[in-house]
């Protein structure tokens, strides 16, 4: 919103320019409704997205950024239309953000006359943005963002090299941005922030990057850069962020860390994940005392984690997942700031109890390792902030806590699949109120699910208790777990009737149990149900005549005791890819409607 002094109103010429600018735009959600409204129309400095200079009352800032990102508000819609020539009347404009709108007709040349412009954001502004006019006269420009423009030609960007005040340059995810950018890029020796992620840069990282000694943030992730690591990249003495993830870089990690030792005092974020880097973490990592995030996942690292990793006082995130790391997790209790620890998909065999002293830890992922012995409350006793815990696929790992243990945390996610958890159902879940995802499949549980469990977790969206030896009845879940999307209770000993589910459920697998009774629940309006497997139970009765599952792809009712005819409405399920009704007592003619299924998605039909 605008900044206005009680005695100062915006200039009439600039007010008229903004109204002309508005007239060229379709504003579906009324983002510019304050522009020219009665009561506001005399002072454009109070209009949304407009800011004026307190002394001169000139418009100096126009922030019209549209909706962006997964959390974008539905209340904001992009502005659609052309950029009016009237915009050039805003001669003192310093800040212009038109990103995430749908600008037609491209970017006009007159933008280059806004000589006071310091900030220009034209990211993601539509398919008409194919060329950038030469804006090299914008001698005051220090920030330029041209990202997320798929149709932007990158052959006429040499003018950027004449922007001597430029400090921040982002050209992320622009179609065809390749090594030709190097012909002018390295003339920008004063850049502090450079982001060229998501492009088609290839080959070695040029040594010329080493001459950009003012760089604080460099992001070349998601390209096809290969080969080794430039020895001099650490010459940028104030480098804080280095992102080279999702490339084809090789080389040995100790050598890379050594090459970066010049910036060991300043480097806060290092992301080398998803490359082909080998070797192991060595004690040199202890030099990087400012590191807040170290991401080395999805490489070829081996050997064990050195104790020196536990000497990084600022570390908030450590990701070593998807490597070949062996040995035990060392003492990390000095990592007093650590919030996220990802060690999944390695060959780790042990974890010390000191991990339980990481009082700020929120996410702990140790899944897909070779952990042995036992996880006890001593491993968890000070994890006050823990929200996500994944120990799954450690087939020799026992999880043993006393029956009266009260965890110090409230989990959102818990995965113990393929661990030794049973036979008792964990009593400590009674004090957990926030769990949205729970996976205890293949975990040796062999007692009935206690009745409190179904009452305790109203926010559950994903529940997997499959492949255990659990019995008992399942109550009506349509109200008790109203957010449930996926439930898998397959291959257990559950009895009683099929429960009712919330109508938003997507996946239901109750196969290979001892459920009995009818399936009248199917008459509820399940608009999103795509997978329903009730096979290998003791269900009976006639199949109901109310099949309206508009999203169903997989329907298995085989090996039960259903009798009577196949209802005609089953043939109306146009999205069906698999229909199994075999091993029942169904009789009568096949309904004509089934003929229509074969022409759509159906790949598997078992009726006999």
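Cβ coordinates are placed from backbone N, Cα and C, and glycine is handled just like the others.
Going by TrEMBL, these are the annotated features:
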{"type": "DOMAIN", "residues": "12-53", "note": "domain 'Leucine-rich repeat-containing N-terminal plant-type'"}
{"type": "DOMAIN", "residues": "124-261", "note": "domain 'Disease resistance R13L4/SHOC-2-like LRR'"}
{"type": "DOMAIN", "residues": "265-469", "note": "domain 'Disease resistance R13L4/SHOC-2-like LRR'"}
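Note on the domain 'Leucine-rich repeat-containing N-terminal plant-type' (12-53): residues 1-4, 59-64, 75-77, 79-84, 86-87, 89-90, 92, 95 of its chain, located 6 or more positions outside it, place their CB under 8 angstroms from a CB of the stretch. In terms of DSSP secondary structure, the domain 'Leucine-rich repeat-containing N-terminal plant-type' (12-53) contains 15 helix, 5 strand, 22 coil.
Remark: secondary structure over the domain 'Disease resistance R13L4/SHOC-2-like LRR' (124-261) totals 28 helix, 24 strand, 86 coil, with classes taken from DSSP.
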